[in-house]
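Report on the following structure.
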Amino acid sequence: MGRLSFFVVFLAGVACAVFIASVSHLIGFQAESVWKTKFKHKTFSAIPDDDQIRVSEDIHLEVALRAGSDVNVADINRNSAAETEAEGSLHAALEMKRQGKVDKALKLFEHAYILAPLHPDVLNHYGEFLEDTQKDIIKADQLYFQAITFSPGNSRALVNRQRTAHVVERLDLAVLQRVDSKRDEVSAIPDHAPGLRRAKKEAYFQHIYHTVGIEGNTMTLSQTRSILETRMAVGGKSLVEHNEILGLDAAMKFINSTLVNRLGMITIEDILEIHRRVLGYVDPIEGGSFRRTQVYVGGHIPPSPTDIYPLMEEFIVWLNSEQAARMHPVRYAALAHYKLVAIHPFSDGNGRTSRLLMNSILMQAGFPPVIILKQDRSHYYKHLEMANRGDVRPFVRFIAECTERTLDLFLWATTEYEHEFPALETNKDSSRTIFVNDDDAPIHSEEDSTSSPDQVDSSSCLNLSD
């Protein structure tokens with residue numbers, strides 16, 4: 001009886017183990033199927049070889065904050081004097097438009113918009129003017145969207161938006177398709193191609209230079225290159241500026257060696273590890289930890305420190321969701337950037353960490369790291385501010401534009417030209433020589449038919465056909 005009981009218990013244990021293994025395999029297969037959508041294309045390695053350096057789409061995003069926001073429409077304090085002047089400029093602009101004076105009307109509309117950027121009438125009429133005379137339907141749709149945001153019941157804005165929304169979506173889709181096509185061209189270049197190796201190296205320096213430059217770093221591109229190649233200090237520059245460059249270099253290498261080729265979920269720990277390296281040389285105590293005090297960023301008030309961890313957990317759930325994985329990579333990366341920078345979880349380094357997270361997502365999809373130029377800093381922050389007001393589409397378009405510009409640089413840098421330079425063409429007469437030692441000797445050329453190259457001492461001339 002004891003043996004029979006033992007045998008029954010043994011069989012029951014085996015059956016339970018098989019059941020648990022089957023369920024775990026099923027869950028793992030479902031999770032893996034979602035993440036495999038990120039690896040349809042060859043991942044992009046942003047780091048040059050060591051020997052080279054040694055010497056349903058979430059189109060309209062509501063603000064992802066429960067506490068703290070830079071725009072609360074109900075609390076906006078409108079300046080009545082400015083609105084009165086804006087209304088006067090609006091009436092004058094409409095009169096100029098009626099008279100066919102388009103240039104004057106445009107200046108008046110712009111003046112009214114600057115004075116009252118939240119006035120529904122200004123937004124509507126300005127959008128209609130741009131749509132009718134400038135054929136700028138994307139900007140017009142953006143203005144209609146803002147009018148609806150600040151005045152949800154505005155019937156004129158609703159009608160205008162209904163007319164332009166589908167057209168703008170088709171235009172945005174065309175841009176993303178064009179970006180995909182250029183991404184495929186870059187992916188088709190062999191990894192060992194000399195042009196691609198040089199382009200990666202230069203893009204790496206450019207990426208770090210512009211990324212720290214957006215935050216106010218004053219290092220030049222040549223100085224940034226020198227620090228990364230030699231690890232030697234540059235005279236006249238602060239230690240903090242040196243350490244910002246070294247920190248970003250460490251973070252890029254971490255991403256390239258871990259997140260880019262990893263098939264799995266992005267975790268809070270991954271984001272903390274990125275931030276730990278970003279600030280590792282500047283402020284190692286704050287690096288890799290959430291802020292513990294309230295901060296203020298211009299007119300934006302980020303969430304309270306007590307809300308950061310719950311918001312980050314919600315962000316990670318969205319980041320790893322099937323909905324996010326099915327988005328176009330550029331849109332997915334741009335939204336991840338915005339959501340993280342809106343939460344503003346760190347005391348310093350939020351922008352750099354957000355841009356690195358964005359680029360890790362793009363690199364997983366086969367894109368090179370996007371370079372946001374430091375001279376585009378004002379546009380970058382303007383589009384982030386517009387996203388805070390409820391319309392994230394301009395920010396997504398900005399990131400798509402930067403992505404396409406980066407791809408164009410890679411395509412330009414790796415293009416091989418077949419035409420030979422005139423001085424190197426082989427069908428030229430080889431007698432075209434220049435004497436370098438004998439000042440009294442004649443110079444032979446193609447036109448001198450009586451001269452012969454056999455009469456010339458080859459040790460005293462430089463042949464341009466070599």
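Placed from the backbone N, Cα and C atoms, the Cβ positions cover glycine too.
Feature annotations, courtesy of TrEMBL:
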- Glu215: site 'Important for autoinhibition of adenylyltransferase activity' (SITE)
- 297-300, 348-355, 380-381, Asn388: ATP binding site (BINDING)
- 435-466: region 'Disordered' (REGION)
- 450-460: compositional bias 'Low complexity' (COMPBIAS)
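All protein chains included, Ser354 (ATP binding site) registers 25 other Cβ atoms within 10 Å of its own Cβ.
The secondary structure of Gly299 (ATP binding site), as reduced to three states from DSSP, is coil rather than helix or strand.
Note: the Cα of Val297 (ATP binding site) and the Cα of Glu215 (site 'Important for autoinhibition of adenylyltransferase activity') are spaced 13 Å from each other. Between the CA atoms of Glu215 (site 'Important for autoinhibition of adenylyltransferase activity') and Asp348 (ATP binding site) there is a gap of 10 Å, rounded to the nearest whole number.
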